[in-house]
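Residues annotated as transmembrane segment in TrEMBL: A:39-69, A:101-123, A:135-153, A:159-176, A:188-209, A:292-313. Taken from TrEMBL, the feature domain 'ABC transmembrane type-1' covers A:97-313.
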Amino acid sequence: MSDLQLKNKVRGVPPKERSLRRRERRQQKIHQIKINKHLYILMAPYMILFLLFTILPVLLSIVISFTYFNMLEMPKFVGWQNYTRLFLEDDIFLIALKNTFLFAAITGPVSYLACFIFAWIINELSPKLRAFMTLIFYAPSISGNVFFIWLLIFSGDRYGIINGLLIKLGILLEPIQWLKTEAYIMPIIILVQLWLSLGTGFLAFIAGLQTVDKTLYEAGAVDGIKNRWQELWYITLPSMKPQLMFGAVIQITSSFAVADVSIQLAGFPSVNYAAETVVTHLMDFGTIRFEMGFASAIATVLFMLMVGSNMIIQKLLRKVGE
Amino acid sequence: MNFTLGMFRKKRVNRSFWGSFFLFLLLAVIGAFMVLPLVYAINAAFKPLDEIFIFPPTLFVRNPTLDNFADLINLLSASWVPFTRYIFNTIFITGVGIVGHVLLASAAAYPLAKHRIPGTNVMFKLIVLSLMFTPAVTAIPTYMIMSFLGWVDTYWAVIIPAFSYPLGLYLMKQFMEQIPDALIEAAKIDGATEYRIFWTIVMPNVKPAWLTLIILLFQILWGTDGNGFIYSEQLKTLTSATTNIVQGGIARAGVGAAVALMMMSVPITIFVFSQSRIIETMATSGMKE
């Protein structure tokens with residue numbers, strides 16, 4: 001019996017009996033917990049750590065965001081003050097917000113599509129070539145902080161590979177300070193972020209494509225599907241919805257959290273804050289200025305942004321193939 | 001024109017030549033973009049000084065040398081913490097983190113995957129939600145919790161949170177759902193306790209999934225710098241030490257590339273040898289909602 005049916009049934013009975021039944025159900029639950037206590041013991045270590053280091057910090061962050069807190073004195077409650085300051089007085093936060101949205105709007109969808117398209121093409125290759133191409137596309141994201149190699153590529157003197165190439169070709173006469181010129185910083189970071197972004201989501205897509213029922217394609221061919229594009233839209237995509245969802249969560253989250261690439265390539269702070277993101281702004285206040293309340297407000301805004309955009313995307317993805 | 005390029009599998013119908021040609025071209029161009037920086041990094045690591053400052057810059061090395069690696073080792077041993085200490089720290093953090101994570105995440109995944117008991121639904125929803133968190137959001141309160149527990153400036157500040165990363169539990173739970181219920185029922189009838197079922201029946205059956213968890217966590221922990229939680233120089237990781245060398249400007253050019261090569265070769269090698277298993281695991285885990 002579902003909860004709803006139960007509720008409807010309960011509604012018809014007198015209050016006294018209703019509370020009796022509720023108690024009965026609660027006792028049943030407690031009984032169930034008792035006989036399954038070994039299962040709870042199995043779960044306990046992970047769950048305790050999970051609550052302690054993932055859920056509790058998020059809740060704490062929300063609480064602290066309403067206080068003034070400098071790690072030395074006791075936190076003082078200040079209401080919405082951190083948030084009004086953030087949105088009304090902090091010009092750099094608005095730059096950070098704009099940059100973060102730009103990152104999310106470009107790297108999010110592009111890397112998500114790239115993950116899918118390349119997984120899809122690679123899936124059609126022969127097994128050996130498939131393994132090789134998977135490695136090539138996946139390697140940048142697992143190479144740790146190897147992206148500092150891009151520092152050498154975009155190096156500001158004529159020995160940087162881009163400058164050298166452009167000068168050799170006669171396009172440039174003088175080397176450009178790529179990472180110190182406002183106009184170039186964002187595109188370069190977006191490029192590097194894209195280079196790094198074919199990670200877990202990409203693997204999940206490759207795995208998902210291998211699970212699509214092959215007989216569906218034969219059936220589709222009989223039913224008049226003419227080319228691979230129709231196959232993709234009518235058969236492949238609807239068959240791997242769970243992976244599409246999983247990939248979306250991973251890509252969205254990482255595209256909102258850009259910071260390492262920005263700090264390593266453009267410096268911290270970057271020229272005229274051209275590469276400031278919400279996360280670097282958060283680090284500025286959290287680890288340099290020790291304004292924990294304000295930093296927590298930034299973290300809370302970021303948290304809301306991530307969860308919110310995830311909800312929207314998941315709603316959209318549910319419509320695939322409907 | 002209903003034939004395909006030789007590179008593609010020939011079994012499938014509905015393939016046009018130009019479609020295959022176009023897709024292969026796309027794959028080649030973007031593939032080059034992905035791999036060239038890595039090729040450049042590998043070559044730069046073997047370049048002698050005069051080749052790094054050559055104009056125009058070259059992609060491939062002409063007179064390979066191991067000078068950069070020798071310099072790197074000299075620089076690392078010149079600091080008052082021996083180079084081997086950094087290696088030990090990284091291996092210790094990675095090793096303990098992985099073992100703990102695989103054990104705890106599997107133990108927690110079994111009840112979530114195979115039993116309907118009060119609380120598991122809420123727990124799993126929280127875990128899926130937490131896939132959306134980024135460490136940046138929780139960094140400040142996590143630091144406070146660590147300092148409350150007295151774990152700041154110990155290995156544990158990095159290791160213990162790794163035990164409870166949500167991604168591993170998520171994948172493990174999905175994988176465990178594939179184990180037939182009959183197997184568990186049979187063991188129960190034979191009088192096995194839940195612990196015994198978990199250890200002798202469930203765990204051997206999810207061995208392939210271990211590998212996926214191990215690789216994913218290895219990538220995270222191997223690259224971790226521990227900055228923010230670890231301050232003592234003798235507890236710092238290889239990543240932290242090498243980043244200091246690259247950023248500090250104390251190294252001559254080329255050492256950075258040697259660092260890059262050293263750091264990336266380990267995870268890439270491991271992935272090469274485990275690729276098919278990882279993808280197989282992710283494929284069989286179904287990833288239902």
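Heads up, residue numbers simply count up from 1 along the chain you see.
From the backbone N, Cα and C atoms, a Cβ is placed for every residue, glycine too.
Caution: TrEMBL annotation is automatic and unverified by curators.
Under 8 Å from some Cβ of the transmembrane segment (A:101-123) lie the Cβ atoms of residues 130, 133-134, 137, 186, 189-190, 193-194, 197-198, 201-202, 205-206, 208-210, 232, 236, 244, 247-248, 251-252, 255-256, 258, 277, 309, all in the same chain and six or more residues away from its ends. For the transmembrane segment (A:188-209), the list of distant contacts is 102-103, 106-107, 110-112, 114-116, 118-120, 122-123, 134, 137-138, 140-142, 147, 150, 154, 178-179, 236, 240, 242-244, 246-248, 250-251, 254-255, 258, 261-262, 265-266, 275: same-chain residues at least six beyond its ends, Cβ to Cβ under 8 Å. Here the transmembrane segment (A:135-153) does not touch the transmembrane segment (A:39-69). Their Cβ atoms form fewer than 3 pairs under 8 Å, with each pair 6 or more residues apart.
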